């Protein structure tokens, strides 16, 4: 009997050691973050093991594991929910049950997942869209798009743009009872990247007459030029989104060729002839002083021109919205940006805030202290719940 108890004790110690990860002092409910990280870490290990054995691609396995979050379209007494397609792109629509004679606000939402997994039917996305539709009395469109590694850039951008452009057709807006003067776009992480890129593209499309009233970018990924930002240095090994995982997301967005990932990890993937673009992502001039924290800017080492020729997407503004010239930013709508303290993507958002402000765009920046990447998806945490409410309240006041 004593041996059995001793065995359980050893097992408990090992399990606690596997779950425990040191976290900063200002992180609320650290055990919730540790348990979440344990699930993500275990999924990652299993996916990597399967890839090493040649059973499945890492991202395909991660997408498979994440499907446990899938939630069918379920209407309730307040919101009608249904799945349909906009010009063959799958979307989930949320429409308030209450009848109204006036037109409603419209929000077009793009999910995250590193362009490799994620879906509008994940429980956290479904719940956030449902809350948004109910509290704003708005029509919410939550779109899907084809994913890497099966599909690479610009497929994801094109899918989202196709769905949004269909929605913005005046006849389609009328059929859903949406006010053409009160439409916003929103996205988180990779979805924030797509939202920013799509908002820029709309300004150049003569076929689209409807103007967005707001854009909300939730811890967006906005550039693949420099992976040596202070946020990448400080948060490289924190839970949810490590530097190595984010770099893999970026490389898979363009190709399954591992040589690109290797070059990105060493920050040697941008050719000399494109060095003029670094001014758009130079954190030494774009980050607020309090986020520099004594970090020294290192001029990136230039990479092979062959990589850029094989994968021109790495230089495309549709993939990296921070590469847009100031003149292209000036027409963008009122913008709300969320960044998180412990997130490798923090500085992408901070730099975009600075560039938008310098271009005359009105920007509201909500920096969430003590939060990790993906916090709005973690509505079971206090910080995630607060951030979601702040996001919805801002939309209520400005959309």
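Cβ coordinates come from backbone N, Cα and C, glycine included.
Under the DSSP three-state reduction, residue 189 (active site) is assigned to coil, being neither helix nor strand. Residues or ranges marked as active site by Swiss-Prot: 189 (among others).
For residue 343 (active site), the count of additional Cβ atoms within 10 Å of its Cβ stands at 27 [all protein chains shown]. The annotation active site is assigned in Swiss-Prot to 343 (among others) on the grounds of similarity to another entry.
Positions annotated as active site by Swiss-Prot: 373 (among others). Cβ neighbour count for residue 373 (active site): 25 (other Cβ atoms within 10 Å of its Cβ, all protein chains included). Annotation note: residue 373 (active site) sits in a coil segment as assigned by DSSP.
Listed in sequence order, 59, 62, 63, 147, 148, 149, 249, 252, 253 are the same-chain residues six or more apart from residue 116 (disulfide bond) with CB atoms under 8 A from its CB. Among the features that Swiss-Prot reports, disulfide bond is placed at 116-340.
Annotation comment: Swiss-Prot describes 282 as N-linked glycosylation site, evidence class sequence analysis. Classification of residue 282 (N-linked glycosylation site) by DSSP places it in coil, neither helical nor stranded.
For 1-4, the entry in Swiss-Prot reads topological domain 'Cytoplasmic'.
Per Swiss-Prot, the feature topological domain 'Lumenal' maps to 26-399. Per-residue pLDDT, averaged across the topological domain 'Lumenal' (26-399), gives 96.
The annotation transmembrane segment is assigned in Swiss-Prot to 5-25 on the grounds of sequence analysis.
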Compared by Cα position, which of the recorded positions 189, 282, 373 is the closest one to residue 340 (disulfide bond)?
373
Please report the Cα separation of residue 189 (active site) and residue 373 (active site) in Å, rounded to an integer.
8
Any idea which of the recorded positions 189, 282 has the thinnest Cβ neighbourhood at 10 Å?
282
Could you state the whole-number distance in Å separating the C-alpha atoms of residue 343 (active site) and residue 282 (N-linked glycosylation site)?
18
Name the secondary structure element type, per DSSP in three states, that contains residue 343 (active site).
coil
In whole Å, how far does the CA atom of residue 373 (active site) lie from that of residue 282 (N-linked glycosylation site)?
22
